[in-house]
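Quick look at what TrEMBL lists:
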{"type": "BINDING", "residues": "B:Trp69, B:Thr157, B:Arg158, B:Ser159, B:Asn160, B:Tyr161, B:Asn240, B:Glu407, B:Gly408, B:Gly409, B:Arg410", "note": "dTDP-4-dehydro-6-deoxy-alpha-D-glucose 1 binding site"}
{"type": "BINDING", "residues": "B:Ser195, B:Trp290, B:Arg353, B:Gln369, B:Cys370, B:Thr371, B:Asn374, B:Tyr375", "note": "dTDP-4-dehydro-6-deoxy-alpha-D-glucose 2 binding site"}
{"type": "DOMAIN", "residues": "B:41-248", "note": "domain 'dTDP-4-dehydro-6-deoxy-alpha-D-glucopyranose 2,3-dehydratase'"}
{"type": "DOMAIN", "residues": "B:262-463", "note": "domain 'dTDP-4-dehydro-6-deoxy-alpha-D-glucopyranose 2,3-dehydratase'"}
There are 2 protein chains.
Amino acid sequence: MSSGIVPLPAAPAVRPREDRRLADRIALSAASGRGARVRTEDVRAWLAERRRAHVFHVERIPFAELGEWRFEQGTGNLVHRSGRFFTVEGMHVVELDGPSGDGPYREWQQPVVRQPEVGILGILAKEFDGVLHFLMQAKMEPGNANLLQLSPTVQATRSNYTGAHRGTDVKLIAHFFRPDPDRVVVDVLQSEQGSWFYRKTNRNMIVETVDDVPELDDFRWLTLGQIAELLHEDDVVNMNARTVLSCLPYRDTSPGALLSDAQLLSWFTGERSRHDVCAERVPLADVRGWKRGAEAIEHEDGRYFKVVAVSVRAGNREVVSWDQPLVEPVGLGTAAFLVREIDGVPHVLVHARAEGGFLDTVELAPTVQCTPGNYTHLPPSDRPPFLDAVLDAPPSHILYQAVLSEEGGRFLNARSRYLVVEADDAPLDPPPAYTWVTPGQLTALTRHGHYVNVEARTLLACLNAAMARPRGEQRHGGGHR
Amino acid sequence: MSSGIVPLPAAPAVRPREDRRLADRIALSAASGRGARVRTEDVRAWLAERRRAHVFHVERIPFAELGEWRFEQGTGNLVHRSGRFFTVEGMHVVELDGPSGDGPYREWQQPVVRQPEVGILGILAKEFDGVLHFLMQAKMEPGNANLLQLSPTVQATRSNYTGAHRGTDVKLIAHFFRPDPDRVVVDVLQSEQGSWFYRKTNRNMIVETVDDVPELDDFRWLTLGQIAELLHEDDVVNMNARTVLSCLPYRDTSPGALLSDAQLLSWFTGERSRHDVCAERVPLADVRGWKRGAEAIEHEDGRYFKVVAVSVRAGNREVVSWDQPLVEPVGLGTAAFLVREIDGVPHVLVHARAEGGFLDTVELAPTVQCTPGNYTHLPPSDRPPFLDAVLDAPPSHILYQAVLSEEGGRFLNARSRYLVVEADDAPLDPPPAYTWVTPGQLTALTRHGHYVNVEARTLLACLNAAMARPRGEQRHGGGHR
């Protein structure tokens, strides 16, 4: 450049629509059980050390002690004084067709978390020794049972990165805010829990860098193989990390699927068309069937979840404190894929599930997604389909299981047992609203938003993690039941 | 079967995820300028004959003469007495970021058509002499300038096919209601005009049949090549036919694109993330900036559109009559793609456009989509980008043009000049919210909803039609300017 000769700009060139090398690089990282930067067996010690390094106290408080939050006059909505972050409001849902066809309609009201701004969940990737590593953060969140979990490099709401509060985790946000198009691996808006959130989406991103990245105490570079190993442990990999990882464009090595992609999309279009779900926001004060006490808003029969409040004191050098509402489910959830081989190709059974908070009627959900405790008062015939097949599965049929937490910034002790269960006797012609798809088809759908719900994305990440293990280790593997 | 031997059910088999033969069959139909059933030059006479065969009188009436429709007490919404069909309500839109970045925010109110139920737009396909033909209907609709246009085989709202009124065009609905998965060519929920509709989607379907189909007077089988020829004429192929045809999975024969698919999706995710559009329904009576007269609801400055009422008398043997509101734009619209070759591959310039009625912030729109008359009061710097490049294009650069109508069941005289304009001097690095994509990439996006808006889908159909012509005929072709 110092020669004074300015190179001509390169002529614009078309490139292949698909980057075929990327799938190889992902496969190599998934096959790499050892990382270049930290041994997997040392990650646990590092997480424990980070847990000790930070002050992090979470205490339940009555609503009256919430400093920055209040029940808004008139609506009774729970809002922050700044008008930012999120609100707890009411939702009125009318479903004209039942989940299994033109059945009886359902109608209910419930509290719901509303956070209209799109946050960023971003994982930075970089090659070490020719293998892609992913920068994971040891991050504390008030709702996590064990407080600290393995998280994306950044998880930032728009309030975060425009300065509504100073999160230390947004140091690396620059990589994601206007990403280099040549370095984007994943970039898609995905929904979150439609039972608890009103139309929440986050931007799921993986961006590669060739820059030097400062080695920070709360961050470690891990291969996909290492993360897969950690995904077999309870409450280690957080929800945000799982959803981002589920969107990785793994190569489909199968010769095909029971349904072609066009048939699958047509089936999905049919499911979306026959559901007529109308969800409207209503004032929290008007929500029927729920009661507000001094310390919780809860369902009259004690089912589903509570809205509670906590006070948090956190920091390592500079200690900050805040308080906030959290949604606390009443029981341990179950989310499971039944999996079976069809013509030698593994398929999972997905459910086109309507949730009140979805932007658009239904998304593909796990075969089973429920809190079994909410169904104990119902006769067996009203239990969710396939729940017993999951709960009664012999250990030898369990390809994956672990108890994992949902987002600890909004949910308190929201834990589900995630399972992948081999069920070669499951019906090839399943009931309405269910169909068999390959993991490759699910992966292809995660390139777009509003197809695969967050629980199914977690299971897709778990399934990829289970596949990364040698076959003998898949069974009876983790879970620490 | 009469032998008493029951054949074993075939073992379930996986199939390839993509049906590669389908693209060949589509290409063959597109290359077939002659049909097996009717000559293209006879279609016009048939349309004229069908126009004569039907009684169809449309008369403007004051709102007070609407028999089955009324302004609802309190809200002032325009509703049908049955509560079915559609309603005209108000919409309040707040856009926090301007269309070209973090610009000034916009806020406005307007009337909007709300029709929450999902209709079916279905075209039946069948092979004659080894070539796919498509069953097109000569259908009258009150808002069409020439009353009768070439329409899909069926266009049915849920009210139609569940019997809210008896449409004769729903005879063939059975092919689409629960389609044979092995015969589905197109099946996707697509948005419609976000400036006039509140979150409207229709199910766009093409289903193949091998059955005998009765030869009805109002229906003709045409090849894609024949339809392409007719798409070059003004007001012949209706909007519903165009959007369904735009979703046909044409093969992408290009070696690639300026942006890989992952880069394009990332760019789109960025556009969706940086827009914050909140559109809420408000009572029509409260809409600011619009006034209700005896015969029209119109904008205070006479811009955009009016809501009017018509009385319709229709039928061939049995004459039925009804009245209904229609939305009438105030001027001729312009919708255009700029197209240029990059590295020898044609690309079109798309615009990530926010419309208040979209389900989700932005969709990909034509390079230019506006009613030029709405901008005459503004200084040149406030005119839509690229509008002058389209309006001033020399005839030799116009690859396609025709004046086409929007949906005649909801819109009155809603006509736009659709153009595809060669612009090899257009900037390779366009302004924010614009990017270059190949027709193959647009086609791939039409497999999913809420990516490509209805005007861009029309232009995609027109582009495919222009490509089907021998190169010499592409210029100065139709349009009858």
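Even glycines carry a Cβ here, placed using N, Cα and C.
Keep in mind that TrEMBL annotations are predicted by a computer and have not been checked by a curator.
Positions of TrEMBL features highlighted on the structure.
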residue  : record                                                : Cβ contacts under 8 Å, 6 or more apart
B:Trp69  : dTDP-4-dehydro-6-deoxy-alpha-D-glucose 1 binding site : B:Leu78, B:Val79, B:His80, B:Arg81, B:Ala309, B:Asp323, B:Gln324, B:Pro325
B:Ser195 : dTDP-4-dehydro-6-deoxy-alpha-D-glucose 2 binding site : B:Glu355, B:Gly356, B:Gly357
B:Asn240 : dTDP-4-dehydro-6-deoxy-alpha-D-glucose 1 binding site : B:Leu121, B:Ser151, B:Pro152, B:Gln155, B:Asn202, B:Glu407
B:Trp290 : dTDP-4-dehydro-6-deoxy-alpha-D-glucose 2 binding site : B:Gln109, B:Gln110, B:Pro111, B:Ile297, B:Glu298, B:His299, B:Glu300
B:Gln369 : dTDP-4-dehydro-6-deoxy-alpha-D-glucose 2 binding site : B:Gly333, B:Thr334, B:Ala335, B:Ala336, B:His351, B:Arg353, B:Pro384, B:Asn453, B:Glu455, B:Ala456
B:Thr371 : dTDP-4-dehydro-6-deoxy-alpha-D-glucose 2 binding site : B:Tyr304, B:Pro329, B:Val330, B:Gly331, B:Leu332, B:Gly333, B:Thr334
B:Asn374 : dTDP-4-dehydro-6-deoxy-alpha-D-glucose 2 binding site : B:Arg303, B:Tyr304, B:Val330, B:Gly331
B:Tyr375 : dTDP-4-dehydro-6-deoxy-alpha-D-glucose 2 binding site : B:Asp382, B:Arg383, B:Pro384, B:Leu387
B:Arg410 : dTDP-4-dehydro-6-deoxy-alpha-D-glucose 1 binding site : B:Phe86, B:Val113, B:Gly143, B:Trp196, B:Phe197, B:Leu326, B:Val327
B:Gly408 (dTDP-4-dehydro-6-deoxy-alpha-D-glucose 1 binding site) to B:Cys370 (dTDP-4-dehydro-6-deoxy-alpha-D-glucose 2 binding site) - Cα separation in whole Å: 19
Cβ atoms near B:Arg158 (dTDP-4-dehydro-6-deoxy-alpha-D-glucose 1 binding site) (within 10 Å, other residues, all chains): 17
For B:Arg353 (dTDP-4-dehydro-6-deoxy-alpha-D-glucose 2 binding site), the three-state class that DSSP assigns: strand
DSSP-derived class (H/G/I helix, E/B strand, else coil) of B:Tyr375 (dTDP-4-dehydro-6-deoxy-alpha-D-glucose 2 binding site): helix
Rounded Cα-Cα span from B:Arg158 (dTDP-4-dehydro-6-deoxy-alpha-D-glucose 1 binding site) to B:Cys370 (dTDP-4-dehydro-6-deoxy-alpha-D-glucose 2 binding site), Å: 31
Cβ packing number for B:Gly408 (dTDP-4-dehydro-6-deoxy-alpha-D-glucose 1 binding site), 10 Å threshold: 27
Largest tally of Cβ atoms lying within 10 Å of a Cβ, found at which of the binding-site residues B:Arg353, B:Cys370: B:Arg353
Among B:Ser195, B:Trp290, B:Arg353, B:Gln369, B:Cys370, B:Thr371, B:Asn374, B:Tyr375, the record's dTDP-4-dehydro-6-deoxy-alpha-D-glucose 2 binders - longest CA distance, Å: 24
Taken over the domain 'dTDP-4-dehydro-6-deoxy-alpha-D-glucopyranose 2,3-dehydratase' (B:41-248), the model's mean pLDDT: 90
